[in-house]
Amino acid sequence: MKDKRISPNVYVYSSMLHGFYSMGNLDEAGSLFIHMLDEGVQPDVVTFTVLINALGKQRRLQEASHLLNLMIQRGVHPNTVTYTTLIDAFCKEGRMDKANKFIDSMIQQGEHPDVVTYNTLINAFCKGGGIGEVSELLNLMIKRGKRPDSVTYNTLIDALCKQGRIEGAIKLVYLMIKRGQCHDTVTCNSLIDAICRGGEMEEANKLVDFMIQHGQQPNTVTYTILIDALCKKGRLKDANKLVDLMIQQGQHPDTVTYTTLVDALCKEGRIKGAIKLVDLMIQQGQHPNTVTYTTLIHALCKIRRMEEAKSLFELMIQSGQHPKTITYNVMIKELCKNGQIEKANDFLSKMEKGCAPDVVTFNTLISCFSKNRKASKVVELLCVMENNNLSPDATTFSIVINLLSNLKDKKRQEILDLLPTFPVRF
C-alpha cells in the first residue's frame, strides 16, 4: 500500500490487527500497533478492543489493563464491549474483585453494563459457587433496568442443579416459562432430568404439564427422560403408556428411547420382548446403536444363550456399529464363565484391531487362565498388557499372587523371572 502511496487508515489497521490476532500472531499484532502509532494513525475503540480481547484470551491481563488505561489517556472512550471483554478475561481467571472494579470504572466513564456484561459476571460467580453474590447481582441488574434473558436463567438453573438446589431451579424455570423466556426445551429438559434423578416423578410431571399449558411442547428428549425414570422404578407399563402418549403428541421415539425400553425389558428377563422391540425399532426407521446391541448381548449372555449373543455381535459389526470395550468385556466374561477360554482369548485378538482393551478385559482373562493353572498364558497376557501401556490394578496383583502361591518353588521362580516390570505410576 505504501509503495502506491496509499496510507492505511484506522479501519485497515484494525482489520489487520484482528487478522493477526485470529491467526494467533499476537506479537505481530503488537508490532503493527506500535507502527500504527508511529505513523500517526489514531487507534479507535475497535482497535483497542481487538487488542484487549486478544491479550485477555492469552491471559496477559496486566497488559490488557494497561492498554485500557492507554486508551483513556489518548482520549478514546471505551465502550460496553471493551469493558465486557476485559471483565470476561478477569472472570475466567477467577479474579472477581478486579472484574467488579471494572464495573465501577465502566459506570464512572458513563458506560452502563448490558445483559452480556451481567451474564459474564453471573456465569463466573456460578462456576465459583457464589450463588449469594449472584442474587445481589441479579437484583442490581433489574434495578438498573436490565432484564435477565434466557442465558441468565439457564446459567442460574445449571448452577442450582449442580449444587443440588433443585427447588430453586424449579422456581426459576416456572418464572422463565411465565415470562416467555424459555424459547427451547433444553433448559426444561435438563431440570426434568435432575428432578427425575432425585426420584421426584410427580414434580417432573407437574413441570411438563406447566410447559404444555404455556405453549412449550415437550420433545422426544423430554419424553425419553420421563420414560427412563419410569423404567428405573420398574414401572414399565407406565413407560409404555407414555410412549403411546408421546406418539399421539407428534413426537417419535428415537434410538435412545427404544434402547431405554430394551434395557428395562432385559432387566426384567423379557428377552423375547426386547428382541421384538428392536425389530419394531428398525421398522420405524430407528437403527440400534452400540448401546442397544450391548444391552441385548449382555442379557443373552446372562441366560447362557451364547450362540445368539455371538450372532448378534456379528450382526452389530455388519450393521456398521463398532463394539466398544464394554461390549467385548461382556462377551469375554461370559465365554470365560462357560469355560470357552480360547474363544474368549480370540475376542481379545479381535479387539486389538479396532478397540482398546482395558484392565477389566485383562483381569477377566488372567483370572480365567489362572483358575485353569495356565501360568505361561497369564505371563503372556501381562506382557500384552505392558505393551498396551496398561498398569495392573489391585485385582490383577491379587490374581497373580494367588496363582504364584499355588505353584511349586521351581515353577514359581520361572514365572517370576518372566513377569514384565510395569512402570510405577503416581
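Backbone N, Cα and C define each Cβ position, glycine as well.
Quick look at what TrEMBL lists:
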- 9-43: repeat 'PPR' (REPEAT)
- 44-78: repeat 'PPR' (REPEAT)
- 79-113: repeat 'PPR' (REPEAT)
- 114-148: repeat 'PPR' (REPEAT)
- 149-183: repeat 'PPR' (REPEAT)
- 184-218: repeat 'PPR' (REPEAT)
- 219-253: repeat 'PPR' (REPEAT)
- 254-288: repeat 'PPR' (REPEAT)
- 289-323: repeat 'PPR' (REPEAT)
- 324-354: repeat 'PPR' (REPEAT)
- 358-392: repeat 'PPR' (REPEAT)
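If you look at the repeat 'PPR' (289-323), the same-chain residues 6 or more away from its ends with a CB under 8 A from one of its CBs are 255, 258-259, 262-263, 266, 269, 271, 274-275, 278, 281, 330-331, 333-335, 338, 340, 354-355.
Remote same-chain residues near the repeat 'PPR' (149-183) are listed as 115, 118-119, 122-123, 126-127, 129, 131, 134, 138, 141, 190-191, 194-195, 198, 200, 203, 207, 210-211, 214, 216 (criterion: CB distance under 8 Å, separation of at least six residues from the stretch ends).
Within its own chain, the repeat 'PPR' (324-354) is flanked in space by residues 290, 293-294, 297-298, 301-302, 304, 306, 309-310, 313, 316, 360-361, 364-365, 367-369, 372, 377, 384, which lie at least six positions past its ends and keep a Cβ under 8 Å from the stretch. Here the repeat 'PPR' (219-253) has, by DSSP, the following mix of helix, strand and coil residues: 26 helix, 0 strand, 9 coil. For the repeat 'PPR' (79-113), the model's pLDDT averages out at 89.
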